[in-house]
Amino acid sequence: MLLALGLTLVLYASLQAEENSFTINSIHMESLPSWEVMNGQQLTLECLVDISTTSKSRSQHRVLFYKDDAMVYNVTSREHTESYVIPQARVFHSGKYKCTVMLNNKEKTTIEYEVKVHGVSKPKVTLDKKEVTEGGVVTVNCSLQEEKPPIFFKIEKLEVGTKFVKRRIDKTSNENFVLMEFPIEAQDHVLVFRCQAGILSGFKLQESEPIRSEYVTVQESFSTPKFEIKPPGMIIEGDQLHIRCIVQVTHLVQEFTEIIIQKDKAIVATSKQSSEAVYSVMAMVEYSGHYTCKVESNRISKASSIMVNITELFPKPKLEFSSSRLDQGELLDLSCSVSGTPVANFTIQKEETVLSQYQNFSKIAEESDSGEYSCTAGIGKVVKRSGLVPIQVCEMLSKPSIFHDAKSEIIKGHAIGISCQSENGTAPITYHLMKAKSDFQTLEVTSNDPATFTDKPTRDMEYQCRADNCHSHPAVFSEILRVRVIAPVDEVVISILSSNEVQSGSEMVLRCSVKEGTSPITFQFYKEKEDRPFHQAVVNDTQAFWHNKQASKKQEGQYYCTASNRASSMRTSPRSSTLAVRVFLAPWKKGLIAVVVIGVVIATLIVAAKCYFLRKAKAKQKPVEMSRPAAPLLNSNSEKISEPSVEANSHYGYDDVSGNDAVKPINQNKDPQNMDVEYTEVEVSSLEPHQALGTRATETVYSEIRKVDPNLMENRYSRTEGSLNGT
């Protein structure tokens, strides 16, 4: 019933609000006591709203509080002021706040206000134990319950009464606490742990005050070791030296300890599962020095040190020698001595072999005597050895041999291995390769194996070896090795001795040459586009020739040549560039050809002209012969010509409508040798304008051609007969 009544009132109020007009005048926030507060203080954020309305009663509105754009509190109210209370402000409460008022479909939001909380609350420190044994572990719990993670924790381990921090651990936790383990060391006695918490606020880390834990008491697991030295007091070489290290172990230790005795850094004695370790040795001066005793468990190590001095009974012997380097056959003389000349027992040794039990030793040196020598001197139980003396006995080198590894002829620029070897003589051996009497390369070998040098000769060369070793004899020389080098052909060139333009009929000489090459050299001459050479020559020279005594047009073209020798590649031979040769005719030949051509042209023209006139004459003779019979032809003396081959025709006038003239040779077939005079009859018809129609004028013209002796000029006589109008 009450719920229904409340809903009715709310509905009524909302309906009233919809009917009334309102406006949100302003909205802002205030912070109490301030926008900046200390950690743990109460913080009150107020949202103040100013609303105007036509209603007589206050309108109901909604107020929302935001921190960093996330809503943290909201309330429905009719009041002008609403508050958001934080009882104890913490660092995580720092941020940007704003509030929003909502009334029906209208809302308004304040600007953002920044809240800062300074300081971090104190953390809490707890320990899992207050008493611990050396080598144990203490677990420290540092927590900050009031703050929100992530939290930065810093925990330190300190010795009570000092400010020295023995260990520090930093850790960022995503929880508001952290658990850290601290091992307990041998130097720890009474400990305290200190914890400090930090929280990142914006870009600044705010830290709490450091909080100290309760005290932790540390108990020893074992004591610091102690030394016992026997004999006490002065220790002399030959005495029996006892060095004893003693440790007291408590019942709380669950791990086995190890005791170690060291001289300098060398371990001389150890003991496990015991409370002591002993080092016993006959005292010698070299055993003097700094001794350390260490007691170690899994995590704990304790140590103490002592200085032991041993008095020398007699000094170390010295081995004297004539020379450390002897030639084979020289005297090897050794002597062992002790400073102060005490009575002692001596031995002279080579490595581990005793050569003499006396103070001196001599012999003729052999190469096998090379090695390290020493001597000993003994008084009572004390025996001392001298330092090692290296002695080398050198055998003289034999004459070295010299040879090369080439299996065939040596080609210019190719590598060749030249070896030097002395089969006898003490190593190491130094070989010097001499090239053209000058030092070229040096090699040292540690055996009698050959020393191999590498060279790339470019011409015939002489090599010699010089060998040397530790022997005092001067260096020995090998024989001279002469190396013959063959050079492949290089830069093939083809040329012509005269000009590239050769006159026909003159001599033509081609030359093929190389810049360099070992003879014999094979030269081959080629003409372009021909697979086989037209000339080949094998000569002991760097050039070859091809001669042609009379050049013709056939020799015109492109030429090249190749050259090869023993050093050339089997696949290809070096080739020259191409040479162009042109052959031209001699001037007199050109003139002769011109004369012949002109004569042929003239003869052709004469024959053509003669044929032309003969055709024309025949063409005219045919109509004349058809018009009238032939008449005998009279000579100049009115004599009849009687040769049967001569045909004389006399022409009379006839009607020629077309008016064409006709010409016919008279004695065409007569033998030219028997005929001195030839006649040609020409008829000319003309029509005079004053004559009547049907009257025709005819004129006959005879041309006489007389043939005379060829050496004389040809005489021509002409005779003309004519009759006009019957005259």
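Every residue gets a Cβ built from N, Cα and C, even glycine.
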Pick from TYR291, TYR358, TYR526, TYR702: which does Swiss-Prot describe as phosphotyrosine?
TYR702
From the ranges 146-176, 642-672, grab the one Swiss-Prot calls region 'Disordered'.
642-672
Quick one: sort out which of 82-87, 304-309, 310-315, 700-705 is the motif 'ITIM motif 2' according to Swiss-Prot.
700-705
Which residue in the list CYS420, CYS465, CYS561 does Swiss-Prot annotate as forming a disulfide bond with CYS512?
CYS561
Pick from ASN74, ASN309, ASN424: which of these glycosylation sites has the biggest number of other Cβ atoms within 10 Å of its Cβ?
ASN74
When you tally the Cβ atoms that lie within 10 Å of each candidate's Cβ, which of the glycosylation sites (ASN141, ASN345, ASN360, ASN540) has the highest tally?
ASN141
Measuring CA to CA, name the entry from the recorded positions ASN141, CYS245, CYS512 that ends up nearest CYS465 (disulfide bond).
CYS512
Distance between CYS561 (disulfide bond) and ASN540 (N-linked glycosylation site) at the Cα atoms, whole Å?
17
Under 8 Å by Cβ from CYS293 (disulfide bond), same chain, sequence gap 6 or more:
PRO225, LYS226, PHE227, CYS245, ILE259, ILE260, ILE261, GLN262, ALA277, ALA303, SER304, SER305, ILE306
Do me a favour and check the Cα-Cα span between CYS99 (disulfide bond) and ASN74 (N-linked glycosylation site); whole Å is fine.
9
With Cβ-Cβ distance below 8 Å and at least 6 positions apart along the chain, what are the contacts of CYS336 (disulfide bond)? List them in sequence order.
PRO317, LYS318, LEU319, GLU320, PHE346, THR347, ILE348, GLN359, ASN360, CYS375, THR376, ALA377, SER386
